[in-house]
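Enquirer: I am attaching a structure below and will ask some questions about it afterwards.
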Amino acid sequence: MRKPIIAGNWKMNKTKSEAVSFVQEVKNSIPSASKVEAIVCSPDLFLDALVQEAQGTDLKIAAQNMHFEDNGAFTGETSPAALKDLGVEYVVIGHSERRDMFGETDESVNKKVKAALSHGLTPIICVGETLEEREANKTNDVVTTQVKGALEGLSESDVQKTVVAYEPVWAIGTGKTASSEDANETCGVIREVLSNTFSADTADAVQIQYGGSVKPANIEDLLGQQDIDGALVGGASLEADSFLKLVEAGNE
Ligand SMILES: O=C[C@H](O)COP(=O)(O)O
(Lines of atoms letter the chains of each structure in order from A and count residues from 1; the text may use other names and numbers.)
(Lines give C-alpha, C1' and ligand atoms only; values in the text may rest on other atoms or scores of the structure.)
Protein backbone atom coordinates (compact mmCIF):
# COMPACT_ATOMS: atom_id res chain seq x y z
CA MET A 1 0.00 0.00 0.00
CA ARG A 2 1.54 3.30 -1.10
CA LYS A 3 1.35 6.15 1.41
CA PRO A 4 0.39 9.42 -0.31
CA ILE A 5 2.76 12.34 0.04
CA ILE A 6 1.69 15.96 0.33
CA ALA A 7 4.81 18.02 -0.27
CA GLY A 8 4.76 21.80 -0.17
CA ASN A 9 7.42 23.29 -2.41
CA TRP A 10 7.97 26.84 -1.26
CA LYS A 11 10.35 27.64 -4.10
CA MET A 12 12.19 30.96 -3.45
CA ASN A 13 9.67 32.29 -0.95
CA LYS A 14 9.70 33.16 2.77
CA THR A 15 12.28 34.57 5.14
CA LYS A 16 13.72 32.43 7.93
CA SER A 17 11.31 33.82 10.52
CA GLU A 18 8.32 33.22 8.23
CA ALA A 19 9.52 29.69 7.54
CA VAL A 20 9.99 28.86 11.22
CA SER A 21 6.56 30.34 12.11
CA PHE A 22 4.95 28.17 9.43
CA VAL A 23 6.51 25.00 10.84
CA GLN A 24 5.55 26.01 14.39
CA GLU A 25 1.98 26.48 13.21
CA VAL A 26 1.59 23.21 11.33
CA LYS A 27 3.87 20.70 13.04
CA ASN A 28 1.49 19.66 15.81
CA SER A 29 -1.50 19.53 13.50
CA ILE A 30 -0.14 16.68 11.41
CA PRO A 31 -1.99 13.68 12.88
CA SER A 32 0.36 11.04 14.24
CA ALA A 33 -0.14 7.81 12.30
CA SER A 34 -1.23 10.14 9.52
CA LYS A 35 -2.31 8.42 6.33
CA VAL A 36 -0.19 10.89 4.37
CA GLU A 37 3.44 11.90 4.56
CA ALA A 38 3.59 15.69 5.03
CA ILE A 39 6.69 17.41 3.71
CA VAL A 40 7.89 20.98 3.38
CA CYS A 41 10.52 21.71 0.70
CA SER A 42 12.41 24.76 1.88
CA PRO A 43 15.18 26.99 0.56
CA ASP A 44 18.54 25.62 1.81
CA LEU A 45 19.08 28.62 4.08
CA PHE A 46 16.35 27.55 6.49
CA LEU A 47 16.76 23.77 6.37
CA ASP A 48 18.78 23.52 9.56
CA ALA A 49 16.33 25.60 11.60
CA LEU A 50 13.32 23.77 10.16
CA VAL A 51 14.73 20.29 10.79
CA GLN A 52 15.32 21.31 14.42
CA GLU A 53 11.87 22.83 14.71
CA ALA A 54 10.12 19.78 13.22
CA GLN A 55 12.06 17.21 15.26
CA GLY A 56 9.84 14.67 17.02
CA THR A 57 6.83 15.53 14.84
CA ASP A 58 5.41 13.96 11.70
CA LEU A 59 6.41 16.85 9.46
CA LYS A 60 9.39 16.08 7.21
CA ILE A 61 11.75 18.63 5.72
CA ALA A 62 13.06 18.50 2.15
CA ALA A 63 15.55 20.43 0.04
CA GLN A 64 14.57 21.76 -3.39
CA ASN A 65 17.79 20.80 -5.18
CA MET A 66 21.35 19.61 -4.54
CA HIS A 67 24.62 18.96 -6.38
CA PHE A 68 25.62 15.39 -7.21
CA GLU A 69 29.15 15.69 -5.82
CA ASP A 70 29.96 15.33 -2.13
CA ASN A 71 32.25 18.36 -2.09
CA GLY A 72 34.48 20.47 -4.30
CA ALA A 73 34.77 23.73 -6.19
CA PHE A 74 31.07 24.26 -6.95
CA THR A 75 30.40 27.78 -5.75
CA GLY A 76 26.90 28.31 -4.42
CA GLU A 77 25.93 24.65 -4.47
CA THR A 78 24.86 22.29 -1.66
CA SER A 79 26.07 18.69 -1.37
CA PRO A 80 23.98 15.63 -0.55
CA ALA A 81 26.36 14.92 2.33
CA ALA A 82 25.62 18.34 3.83
CA LEU A 83 21.84 17.82 3.48
CA LYS A 84 22.03 14.41 5.11
CA ASP A 85 24.14 15.78 7.95
CA LEU A 86 21.44 18.40 8.68
CA GLY A 87 18.79 15.69 9.00
CA VAL A 88 17.03 16.45 5.73
CA GLU A 89 15.13 13.38 4.44
CA TYR A 90 13.88 14.27 0.95
CA VAL A 91 15.21 16.29 -1.95
CA VAL A 92 13.38 17.54 -5.05
CA ILE A 93 15.35 16.77 -8.19
CA GLY A 94 14.86 18.00 -11.75
CA HIS A 95 12.00 20.44 -11.09
CA SER A 96 10.94 21.96 -14.42
CA GLU A 97 12.08 25.39 -13.20
CA ARG A 98 15.57 23.96 -12.74
CA ARG A 99 15.45 22.18 -16.09
CA ASP A 100 14.26 25.36 -17.80
CA MET A 101 16.29 28.05 -16.02
CA PHE A 102 19.32 26.30 -14.56
CA GLY A 103 20.32 23.83 -17.25
CA GLU A 104 19.24 20.59 -15.57
CA THR A 105 19.24 17.65 -18.00
CA ASP A 106 18.13 14.04 -17.72
CA GLU A 107 21.83 13.24 -17.26
CA SER A 108 22.36 15.63 -14.33
CA VAL A 109 19.06 14.49 -12.83
CA ASN A 110 20.27 10.88 -13.03
CA LYS A 111 23.55 11.77 -11.28
CA LYS A 112 21.66 13.62 -8.55
CA VAL A 113 19.20 10.77 -8.04
CA LYS A 114 22.10 8.33 -7.61
CA ALA A 115 23.90 10.70 -5.23
CA ALA A 116 20.76 11.27 -3.15
CA LEU A 117 20.13 7.55 -2.78
CA SER A 118 23.73 6.85 -1.88
CA HIS A 119 23.32 9.28 1.03
CA GLY A 120 19.99 7.86 2.17
CA LEU A 121 18.01 10.85 0.89
CA THR A 122 14.72 10.18 -0.91
CA PRO A 123 14.68 11.91 -4.29
CA ILE A 124 11.39 13.41 -5.52
CA ILE A 125 12.03 13.30 -9.25
CA CYS A 126 10.04 15.81 -11.30
CA VAL A 127 8.96 15.09 -14.85
CA GLY A 128 6.42 16.73 -17.13
CA GLU A 129 5.72 18.10 -20.57
CA THR A 130 5.48 21.69 -21.81
CA LEU A 131 2.31 23.03 -23.42
CA GLU A 132 3.94 22.78 -26.85
CA GLU A 133 4.81 19.13 -26.24
CA ARG A 134 1.30 18.40 -24.99
CA GLU A 135 -0.29 20.02 -28.02
CA ALA A 136 1.98 17.93 -30.25
CA ASN A 137 0.74 14.78 -28.44
CA LYS A 138 4.22 14.15 -27.06
CA THR A 139 3.30 13.93 -23.36
CA ASN A 140 3.83 10.18 -23.04
CA ASP A 141 7.12 10.25 -24.96
CA VAL A 142 8.45 13.15 -22.89
CA VAL A 143 7.65 11.64 -19.51
CA THR A 144 8.89 8.22 -20.62
CA THR A 145 12.24 9.67 -21.67
CA GLN A 146 12.53 11.72 -18.47
CA VAL A 147 11.64 8.81 -16.18
CA LYS A 148 13.98 6.40 -17.94
CA GLY A 149 16.76 9.00 -17.98
CA ALA A 150 16.38 9.81 -14.29
CA LEU A 151 16.48 6.14 -13.27
CA GLU A 152 19.10 4.88 -15.72
CA GLY A 153 21.47 2.36 -14.10
CA LEU A 154 19.56 2.11 -10.81
CA SER A 155 18.75 -1.24 -9.21
CA GLU A 156 15.14 -2.20 -8.66
CA SER A 157 15.51 -1.77 -4.92
CA ASP A 158 16.88 1.75 -5.40
CA VAL A 159 14.08 2.70 -7.77
CA GLN A 160 11.61 1.59 -5.10
CA LYS A 161 13.10 4.22 -2.78
CA THR A 162 12.34 7.06 -5.18
CA VAL A 163 9.27 9.27 -5.59
CA VAL A 164 8.19 10.59 -9.00
CA ALA A 165 6.28 13.86 -9.33
CA TYR A 166 4.39 14.37 -12.58
CA GLU A 167 4.13 18.10 -13.13
CA PRO A 168 2.89 19.29 -16.52
CA VAL A 169 4.83 22.52 -17.00
CA TRP A 170 1.77 24.35 -18.38
CA ALA A 171 -0.10 23.71 -15.13
CA ILE A 172 2.56 25.09 -12.78
CA GLY A 173 1.59 28.37 -11.16
CA THR A 174 -0.96 29.08 -13.89
CA GLY A 175 -4.16 28.07 -12.14
CA LYS A 176 -4.67 25.49 -14.93
CA THR A 177 -4.81 22.02 -13.43
CA ALA A 178 -4.76 18.92 -15.55
CA SER A 179 -8.10 17.19 -15.07
CA SER A 180 -7.85 14.45 -12.47
CA GLU A 181 -8.45 11.89 -15.20
CA ASP A 182 -5.71 13.30 -17.47
CA ALA A 183 -3.28 13.55 -14.55
CA ASN A 184 -4.09 9.98 -13.57
CA GLU A 185 -3.62 8.77 -17.11
CA THR A 186 -0.11 10.19 -17.33
CA CYS A 187 0.77 8.91 -13.84
CA GLY A 188 -0.43 5.52 -15.16
CA VAL A 189 1.93 5.86 -18.13
CA ILE A 190 4.78 6.53 -15.69
CA ARG A 191 3.82 3.45 -13.70
CA GLU A 192 3.82 1.39 -16.87
CA VAL A 193 7.31 2.66 -17.74
CA LEU A 194 8.47 1.58 -14.27
CA SER A 195 6.88 -1.81 -14.76
CA ASN A 196 8.36 -2.37 -18.22
CA THR A 197 11.81 -1.04 -17.33
CA PHE A 198 12.10 -2.60 -13.86
CA SER A 199 9.26 -4.82 -12.60
CA ALA A 200 5.60 -4.82 -11.66
CA ASP A 201 6.60 -4.85 -7.97
CA THR A 202 8.71 -1.75 -8.50
CA ALA A 203 5.92 0.02 -10.34
CA ASP A 204 3.59 -0.85 -7.50
CA ALA A 205 5.97 0.46 -4.83
CA VAL A 206 6.85 3.90 -6.25
CA GLN A 207 4.76 6.86 -5.10
CA ILE A 208 3.75 9.07 -8.02
CA GLN A 209 2.63 12.58 -7.15
CA TYR A 210 0.81 15.09 -9.32
CA GLY A 211 1.83 18.76 -9.26
CA GLY A 212 0.48 21.86 -11.00
CA SER A 213 -2.01 24.30 -9.45
CA VAL A 214 -3.07 21.84 -6.74
CA LYS A 215 -5.20 23.51 -4.08
CA PRO A 216 -7.65 22.52 -1.35
CA ALA A 217 -10.49 22.74 -3.88
CA ASN A 218 -9.10 20.05 -6.21
CA ILE A 219 -6.95 17.84 -3.98
CA GLU A 220 -9.68 15.33 -3.13
CA ASP A 221 -10.44 14.58 -6.76
CA LEU A 222 -6.77 14.12 -7.51
CA LEU A 223 -6.12 11.87 -4.51
CA GLY A 224 -9.14 9.79 -5.48
CA GLN A 225 -7.37 8.65 -8.66
CA GLN A 226 -5.82 5.22 -8.70
CA ASP A 227 -2.33 6.16 -9.87
CA ILE A 228 -1.96 9.48 -8.01
CA ASP A 229 -0.23 9.08 -4.66
CA GLY A 230 -0.17 12.65 -3.44
CA ALA A 231 0.77 16.10 -4.63
CA LEU A 232 3.72 18.43 -5.02
CA VAL A 233 2.25 21.83 -4.30
CA GLY A 234 3.70 25.29 -4.89
CA GLY A 235 1.49 28.33 -4.31
CA ALA A 236 -1.12 26.62 -2.13
CA SER A 237 1.55 25.38 0.28
CA LEU A 238 2.73 28.83 1.32
CA GLU A 239 0.01 29.45 3.89
CA ALA A 240 -0.20 27.11 6.89
CA ASP A 241 -4.00 26.90 6.66
CA SER A 242 -4.03 25.85 3.07
CA PHE A 243 -1.17 23.35 3.56
CA LEU A 244 -3.04 21.75 6.46
CA LYS A 245 -6.20 21.48 4.38
CA LEU A 246 -4.24 19.56 1.75
CA VAL A 247 -2.85 17.20 4.40
CA GLU A 248 -6.31 16.78 5.94
CA ALA A 249 -7.75 15.84 2.55
CA GLY A 250 -5.27 12.99 2.41
CA ASN A 251 -6.40 11.78 5.81
CA GLU A 252 -10.09 11.56 4.96
O1 LIG B 1 6.67 22.16 -7.16
C2 LIG B 1 5.51 22.56 -7.28
C3 LIG B 1 4.96 22.84 -8.57
O4 LIG B 1 5.83 23.53 -9.39
C5 LIG B 1 3.55 23.33 -8.59
O6 LIG B 1 3.46 24.69 -8.31
P7 LIG B 1 1.97 25.35 -8.18
O8 LIG B 1 1.24 24.49 -7.20
O9 LIG B 1 2.21 26.73 -7.69
O10 LIG B 1 1.37 25.27 -9.54
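Cβ from N, Cα, C; glycine included.
Just so you know, TrEMBL annotations are computer predictions that nobody has curated.
Not my notes, these are from TrEMBL:
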BINDING   Asn9, Trp10, Lys11, Gly173, Ser213, Gly234, Gly235  substrate binding site
ACT_SITE  His95  active site, electrophile
ACT_SITE  Glu167  active site, proton acceptor
MOD_RES   Ser213  phosphoserine
Enquirer: Please name the residue among the binding-site residues Gly173, Gly234, Gly235 whose C-beta has the most neighbouring C-beta atoms within 10 angstroms.
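Expert: Result of the Cβ crowding comparison: Gly234.
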Enquirer: Which whole-number value in Å describes the distance between the Cα atoms of Gly235 (substrate binding site) and Glu167 (active site, proton acceptor)?
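Expert: Checking the Cα atoms of Gly235 (substrate binding site) and Glu167 (active site, proton acceptor) gives a distance of 14 Å.
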Enquirer: Using the structure shown, find which entry in Lys11, His95 (the recorded positions) has the sparsest Cβ neighbourhood within 10 Å.
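Expert: Output over recorded positions Lys11, His95: least Cβ neighbours within 10 Å is Lys11.
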Enquirer: Let me know the DSSP-derived helix, strand or coil state of the residue listed as 'active site, electrophile', please.
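Expert: In the DSSP reduction, the residue listed as 'active site, electrophile' maps to coil.
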Enquirer: In Å, rounded, how far does the Cα of Trp10 (substrate binding site) sit from the Cα of the residue listed as 'active site, electrophile'?
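Expert: Cα-Cα, rounded: 12 Å.
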Enquirer: Which binding-site residues among Asn9, Trp10, Lys11 have CB under 6 Å of ligand 1?
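Expert: Listed by sequence, the hits are Asn9.
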Enquirer: How big is the Cα-to-Cα gap, in Å, between Ser213 (substrate binding site) and Glu167 (active site, proton acceptor)?
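Expert: Glu167 (active site, proton acceptor) has its Cα 9 Å from the Cα of Ser213 (substrate binding site).
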Enquirer: To the nearest whole angstrom, what is the C-alpha distance linking His95 (active site, electrophile) and Lys11 (substrate binding site)?
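Expert: Given the Cα positions, His95 (active site, electrophile) is 10 Å from Lys11 (substrate binding site).
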Enquirer: Report, in whole Å, the straight Cα-to-Cα distance of Glu167 (active site, proton acceptor) from Gly173 (substrate binding site).
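Expert: Here the two Cα atoms are 11 Å apart.
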Enquirer: If you draw a 10 Å sphere on the Cβ of Asn9 (substrate binding site), how many other Cβ atoms land inside?
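Expert: Its Cβ has 27 other Cβ atoms within 10 Å.
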Enquirer: In DSSP terms, helix, strand or coil for Gly173 (substrate binding site)?
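Expert: DSSP assigns Gly173 (substrate binding site) to coil.
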Enquirer: Quick check: with Asn9, Trp10, Lys11, Gly173, Ser213, Gly234, Gly235 left out, which same-chain residues have Cβ atoms within 8 Å of the centroid of the substrate site Cβ atoms?
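Expert: Going along the sequence, the neighbours appear as Ile172, Val233, Ala236, Ser237, Leu238.
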Enquirer: What is the Cβ neighbour count of Ser213 (substrate binding site) at a 10 Å cut-off, with all protein chains included?
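Expert: Excluding its own Cβ, the number within 10 Å is 20.
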Enquirer: Once the DSSP letters are reduced so that anything not helix or strand counts as coil, what is Glu167 (active site, proton acceptor)?
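Expert: For Glu167 (active site, proton acceptor) - judged by DSSP and reduced to three states - the answer is coil.
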